Amino acid sequence: MTLQWAAVATFLYAEIGLILIFCLPFIPPQRWQKIFSFNVWGKIATFWNKAFLTIIILLIVLFLDAVREVRKYSSVHTIEKSSTSRPDAYEHTQMKLFRSQRNLYISGFSLFFWLVLRRLVTLITQLAKELSNKGVLKTQAENTNKAAKKFMEENEKLKRILKSHGKDEECVLEAENKKLVEDQQKLKTELRKTSDALSKAQNDVMEMKMQSERLSKEYDQLLKEHSELQDRLERGNKKRL
């Protein structure tokens, strides 16, 4: 294996390792969000898009070169099989055909996993943000609910005080009671708004989960199509034999 293909194979193994780490169930998206928020990522963010596109271009070039090599040695393979003047040419061509097919798979999967890795990081970041917003809205709803209960308890206390005191303080207590009722209504309105926002955040999280499931299905479909293409290529090689 030449130096360039050894580097591509190492890059492929690194991609597989990162994808497996991202898919670990016991690491929450919020933890990944904290890792992605490090200052070092902000410093290299300006070069990230350029590096991403550069790697894609390099992998596409290597993939097309591997396709060219496969087609080249597949055609030569048929010619040298019928020739008896060079008995070692057939084995030599078979070896080169095997290497070109190996390089084709390495470059193809490296390109595919590179795109999957970019999409996976984006989905993890979006999911972490939605979960954070959900937690904030839930905390606000709980605080509003506690405040509403507190005002209701104070209202009950004022009612008991009104019964125990004489009619002289009745007007003042009624005014305070009315004010507390108004505050209670305001808090209920805020609680309703917060509950609606929390429901919206939950719907957004469900949409993110559905989008992640669709991406997983598309990934499985691509692997299935790649296996079918590989089987067809192997059957074509067997027919040439």
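Using the three backbone atoms N, Cα and C, a Cβ is placed for every residue, glycine included.
From a predicted model like this one, the values you see are computed outputs, not experimental measurements.
According to the topological domains annotated in Swiss-Prot, Ile35 and Lys150 fall on the same side of the membrane. Cross-referencing 69-99, 100-130, 131-161, 193-223 with Swiss-Prot places the feature region 'Disordered' at 193-223.
Here Swiss-Prot gives motif 'Di-lysine motif' for one range in the set 30-33, 174-177, 178-181, 238-241: that range is 238-241. In the predicted model, the topological domain 'Lumenal' (65-103) has a mean pLDDT of 72.
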